[in-house]
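What follows is a set of notes on a single structure, which appears directly below.
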Amino acid sequence: MQRPSYGQSPPLHHPVPQHVSTVPQLRSPPPPTSQPHSQGYDGSPYQQQQPRVASGGGNMFGQYGNMINDPAAQLASQFGQTAFKQGQEYLEQNVSRFISVSSLKHYFNVTNFYVINKLYLVLFPWRHKPWSRKQAVGPNGQEGWYLPPRDDINSPDMYIPVMSFVTYIFLQTLIAGLRGNFQPELFGYIATTALVVVIVEILGLKLGCYLLSISNESQLLDLVAYSGYKFVGVIVTISVAEIANAGKGTGGWIGWTVFFYTFLANSLFLMRSLKYVLLPENNSDNRAPMQTMQTESRAKRNQRTQFLFFYSYVVQLFFMWILSRP
C-alpha cells in the first residue's frame with residue numbers, strides 16, 4: 001500500500017543572537033617576578049599603595065595625630081598640668097591646717113590580727129588588762145611617741161570606725177529592702193543621721209574638753225576614732241535582733257537584751273580607753289603652794305571623771321538608741 005505523499009516541511013533554522021556578549025575568560029595571575037625591595041612587593045598580584053606619611057615626621061595617627069604637635073594643644077596641656085598641681089598644693093595646705101596627713105595615716109596602720117582582736121575587745125572588754133597605751137622608746141632612752149595600732153591593741157584606729165559606719169548604712173538599707181520599704185533616698189537619710197550623731201558627739205566632747213581645760217596633741221583624731229566604735233555594737237544589735245525577732249526590728253526582750261549588753265560593753269571600753277585623753281596628768285605651776293596644787297588637781301580630776309562617766313554612759317545610751325531604731 002502506497003503512503004500518501006504530503007508536502008515537504010520547511011527546513012529548521014536555529015535562532016541567531018542579535019547581540020553578541022563576550023564572557024571574560026578567567027585566568028590565573030602571572031607568577032611573581034623578581035622586583036627590587038624598594039617597590040614593596042609582598043607576593044600579591046595587585047599593586048599595593050604605599051601609605052602616605054605625614055610631613056610632620058612619620059605620625060601614625062595621620063592628621064589627628066598632628067594635634068599633639070599643635071602649639072595650642074601643647075599650651076592647653078601645660079595649663080592643665082599647672083592648674084592641677086596648684087589645686088593639689090592648695091588642697092594639701094588647707095587640709096594640713098586642720099588635720100595632719102601623716103597623723104591620719106597613723107590611724108590606718110592596722111593588720112588583720114589587730115582588727116580581729118580590736119573587735120573582740122570592743123564587744124568583750126570585761127577582763128582586758130592593761131588599758132595603757134604603749135610608747136616607743138626614743139634614742140635617749142625616754143618614751144617618745146605612741147605606737148601605731150598594728151603594734152598596740154589599745155591604740156585607737158580609724159579603720160574599724162569607718163568600716164562600721166559604712167556597714168551600718170548598708171545594713172539598714174538592706175533590712176528596709178527585705179521589708180519592702182526600700183527607697184534610694186534611704187541611703188542619704190541614714191548616712192545623714194549617722195553623720196549628724198558623730199558630729200554632735202564630737203562637738204560636745206570638744207566643748208567639755210575646752211571647759212575643763214583638757215588638751216592633747218592628738219585629741220581630735222582620738223575622739224573621732226573612739227566615737228565610731230559604737231557602730232560595732234549597733235550593728236550587732238540590729239543583726240541579732242532582726243534574726244531573732246523574725247524581721248520585727250529591735251523590739252522584744254531579745255533585742256533589748258542585746259542592746260543593753262553592747263551598750264554596757266561600749267561604755268566600759270570608752271571609760272577605760274579615754275582615761276589618757278580626758279584625764280591627763282596635770283602639770284601645775286611649781287611656784288604655787290603644795291596644798292593648793294593638790295586641792296585644785298583633785299577638784300579638776302573629779303570634774304573630768306564625772307564628765308567621762310556622763311559621756312561614756314548617758315551620751316552613748318542616747319545615741320546608740322537613736323542609731324538602733326528601725
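Along the chain as shown, the residues are counted starting at 1.
From the backbone N, Cα and C atoms, a Cβ is placed for every residue, glycine too.
TrEMBL annotations: computationally assigned, not manually curated.
Here is what TrEMBL says about this protein:
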type	residues	note
REGION	1-61	region 'Disordered'
TRANSMEM	158-180	transmembrane segment
TRANSMEM	186-208	transmembrane segment
TRANSMEM	220-241	transmembrane segment
TRANSMEM	253-271	transmembrane segment
TRANSMEM	307-324	transmembrane segment
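Tallying C-beta pairs under 8 angstroms between the transmembrane segment (158-180) and each of 186-208, 220-241, 253-271, 307-324 places 220-241 first. When Cβ-Cβ distances below 8 Å are used as the criterion, the transmembrane segment (220-241) is approached by residues 99, 103-104, 107, 119, 122-123, 156-158, 160-162, 164-165, 167-168, 171-172, 175, 194, 198, 201-202, 205-206, 249-252, 254-255, 258-259, 262-263, 265-266, 269-270, 273-274, 277, 316, 319-320, 323-324 of the same chain, each at least six residues removed from its ends. Using a Cβ-Cβ cut-off under 8 Å and counting only residues 6 or more beyond its ends in the same chain, the transmembrane segment (253-271) has close neighbours at 121-126, 226, 229-230, 232-234, 236-237, 240-241, 244-245, 308-309, 311-313, 316-317, 320-321, 324.
Long-range contacts of the transmembrane segment (307-324) within the same chain, counting only residues at least 6 positions beyond its ends with a Cβ under 8 Å from a Cβ of the stretch, are 168, 193-194, 197, 201, 204-205, 208, 212, 230-231, 233-234, 237-238, 250, 259, 262-263, 266-268, 270-271, 274-275, 278-279.
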